[in-house]
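Copied over from Swiss-Prot:
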type     : residues                                      : note
MOTIF    : 28-32                                         : motif 'TOS motif'
COMPBIAS : 30-46                                         : compositional bias 'Acidic residues'
DOMAIN   : 91-352                                        : domain 'Protein kinase'
BINDING  : 97, 98, 99, 100, 101, 102, 103, 104, 105, 123 : ATP binding site
ACT_SITE : 218                                           : active site, proton acceptor
MOD_RES  : 252                                           : phosphothreonine
DOMAIN   : 353-423                                       : domain 'AGC-kinase C-terminal'
COMPBIAS : 381-399                                       : compositional bias 'Polar residues'
MOD_RES  : 394                                           : phosphoserine
MOD_RES  : 412                                           : phosphothreonine
MOD_RES  : 434                                           : phosphoserine
MOD_RES  : 441                                           : phosphoserine
MOD_RES  : 444                                           : phosphothreonine
MOD_RES  : 447                                           : phosphoserine
MOD_RES  : 452                                           : phosphoserine
MOD_RES  : 516                                           : N6-acetyllysine
């Protein structure tokens, strides 16, 4: 699935990574690391002054959710007492959704225990490839921990995480609507009401992440999936930055060039305001057919982002033009959303004046595009280049050293929704309530990531309680995490309901056009 700039890698690998890898479907970026080929600081800054001063002021304070969550004591014997022990054999491979340098993503059906018969997406990562690079290990850690920590209607759900001797497995909800990238490629541009719907849902997801102290940093059409109803789901959390609160800044160079905020390119420190720049770049892309600043190569693209004037087509409404100008401000401190109100500032803009935010959060607003699906296993919204391949999870014959396996202690996870059904079946007794704790950032801008074997995965087993020589036998573990009440939406994470045949044909919401995107950003349909 590729469009204007589909990166090599599963669901887009960010532009700063240049690995030769296959395309993968947007919720699961496999290529975790690529060389930082952004050019020198001199290259970034040469050629004149910026149009606006690069003032990277602090972020205003905002409240962090530290809800108390009920915990259950989970052990090897309690979770796997009767029906199952989560492992690859619990899942039947159905289709290949994508693949990259570090593994594959499959559509699978659970064939044992809880959730039997339900359809999921299974992301498989090779340990031997990941442990070669501290940054890749940190990216994997961040993605797994954030997916456990965050539960929101517009963010992909992690159902299980487990491991074998040589592989890591993430079981995620299957998002049969495919990537927003695909819809943009088919349509060319979106009408403003269509773009407004998607941007509104995305803003709610970003706001929730920011409340948790998480900067997303990789917002682009390939990382925005659609569920069976057409609602947004943010995916691919490998580039997220954790524990960014109250004016804290980070310096890591990461993201996709065309959607990257100037302060990231300048490496002068950035905060959550970078996500609002990316939202503005995405909005511009939706309404015009291409990101706001593109060049013949990376150097020229960066130069344009830092110095060129924003050109707005005359057909845009005044509200759209005003929002774009306020989101795409090079001065991060004056950017809309950079203040204490964060997402609230963006959502209060007149462009969103027709949005009922409560109904939107409850997913009661009808999406502009609803995928035509024949069954819950439908893969029509994914690239046939992969879906027609025979799904095979290669034999797990690799062996890591004892010290290398220490990194993956505590990777195992079972979603609270699954544990609740297990709890009822086996009469678990509730333990004391304990506040969720936030773990530190997995990356540092100066020195390589250093691992603490006992607590690398944050919520995992310690070295003193697990046998590092037998990672396949790690017990199921979980911690209390926030539960979103989405019962009003009438929607379950998986399996995805089959669309009713009388729901009508798909109605186009935008005018198709010849793509203005650079060749490397296009998708050949």
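From the backbone N, Cα and C atoms, a Cβ is placed for every residue, glycine too.
What you see is a predicted model, and the numbers here were worked out from it, not measured in a lab.
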Other CB atoms, at most 10 A from the CB of residue 103 (ATP binding site): 28
Neighbour count (Cβ, 10 Å) for the residue listed as 'active site, proton acceptor': 26
Cα separation, residue 394 (phosphoserine) to residue 97 (ATP binding site) (Å, whole number): 15
Lowest local Cβ density (other Cβ within 10 Å) among recorded positions: 97, 99, 105, 394: 394
Pairwise Cα distance for residue 394 (phosphoserine)/residue 99 (ATP binding site) [Å, integer]: 13
Cα distance (Å, whole number) from the residue listed as 'active site, proton acceptor' to residue 105 (ATP binding site): 20
Between residue 103 (ATP binding site) and residue 218 (active site, proton acceptor), the C-alpha gap once rounded to whole angstrom: 20
Separation of alpha carbons, the residue listed as 'active site, proton acceptor' and residue 99 (ATP binding site) (Å): 19
Coarse DSSP state, helix versus strand versus coil, of residue 394 (phosphoserine): coil
